[in-house]
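Features of the protein shown, as given by TrEMBL:
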- 1-396: domain 'Major facilitator superfamily (MFS) profile' (DOMAIN)
- 35-57: transmembrane segment (TRANSMEM)
- 64-84: transmembrane segment (TRANSMEM)
- 96-117: transmembrane segment (TRANSMEM)
- 126-146: transmembrane segment (TRANSMEM)
- 158-181: transmembrane segment (TRANSMEM)
- 273-295: transmembrane segment (TRANSMEM)
- 301-320: transmembrane segment (TRANSMEM)
- 341-362: transmembrane segment (TRANSMEM)
- 374-395: transmembrane segment (TRANSMEM)
Amino acid sequence: MLAVLYLISHLDRANIGNAKIEGLAEDLNLNGVQWNIALSLFFVPYILLEVPSNVLLKKFKRPSVYLGTLVTIWGVIMTCHGLVHNFAGLLTVRLLLGVFEAGFYPGAVYLTTFWYMPRDLAARIAWFYCTSALSGAFSGLLAAAIAKMDGVGGYEGWRWIFLLEGIFTVVLGIATFFFLVDTPALSTKWLEPDEIRFLELQSFIKQGGRFEDEEKEDKFKWQDLKAVVTNWRLYMQAWALLAASACSYAHDGAPYFCGAASALFFARLSDRFYWRMPFVAIPLGLIAVGYAIIIALQGDLSGHIAAAMVGVIITCLGIYPIQPAGSSWAANNLAPASRRAIGVAFNICVGNIGGIIGSYMYLDSEAPKYSTGFGLSLAFGGSGVVVALLLELSYKWGNAKKAKMSEEEIRAKYTEEQLMHMGDKSPHFKYVL
């Protein structure tokens, strides 16, 4: 269910570009600056509201109700895209779309952490995340087919793209209330008590020995927000996501299938070896290699089609595995659940800044070489490798520091209550590398 919903979220997000091809900009009399503003405005609430959304999610007894509400409302907003008649109307619906799409992905990742052990998390996130790659492969074809309804009912083809896909999103949003699985504690209708207890014990292990019924506690804890914002390792985690997001703006078409396969492959290996760093660093290295090939062609892509395609495919092979591995790496190293909810959203929030950066990297004046865009993408990939290596070293250092403390020293330094509230800072908590 999460995979289908994430696929729809990316289809809805990409529709603005498909609608432009079908004449949206001309019909609304938009100039280049207005178009860029409309595109960028989506990311403002999308980035700013990811953390507050996950805080709000914790206040809902059933995650399916919260996520279903988000999907249904953004489906209505997507439908409204097909009814706008001017620049102001387009800005309004783009802003609202960012508001209600913001909470879905961090909420989905957070919900997934309730069901799987840390060593199984990357592959599960990859299964629904890779649908974003598949959406890129066929969203244009679907939009082109719908646009053939141009003139039906007196509406332009681009309006039908928004109307039909928006209605479909609303239907899926309503279905979410009934079919999205909630947390283990809320799944008594189809899980045996022993199975629920087993999943709760997994939570005990994940949180470094802290065990409280946090699902019944909806009070926001400022200390968890402070712990997340001041966690310098999270910023290093987010750099990989930011790099992948910034580098994803130069691709279209068939290479997306390669990206989806790559995401699943690397996530499987990451879980198999229970080792996150190589499966973040290697894809970032592939991004650097892919863009190095593209830069070497000096803008003559049509004259070197085979080499250009190789560069693009290598880049896509690198972009899509980063989000599942990076998100699971962050989630694995955050506890308790309340802090993990905030931290996962914060990690994704910082990473999504790359979406804004990427939309401005490719300057029309530099066509066809796009020196700034390709050069920055190469730099993001290369720097990401270095940051991933340094991050693993920092986690090794953190584990070594905790291991030096004996049980007697721990009990002498901390009370039981302090240990219960330290979460990932507890000397009993071991970082995942």
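Each residue's number is its place along the chain shown, starting with 1.
Placed from the backbone N, Cα and C atoms, the Cβ positions cover glycine too.
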Would you confirm whether the transmembrane segment (341-362) and the transmembrane segment (273-295) meet the contact rule of 3 or more C-beta pairs below 8 angstroms, pairs 6 or more apart in sequence? no
Any contact between the transmembrane segment (374-395) and the transmembrane segment (126-146), i.e. 3 or more CB pairs below 8 Å with pairs at least 6 residues apart? no
Across the domain 'Major facilitator superfamily (MFS) profile' (1-396), the model's average pLDDT, rounded to a whole number, is 87
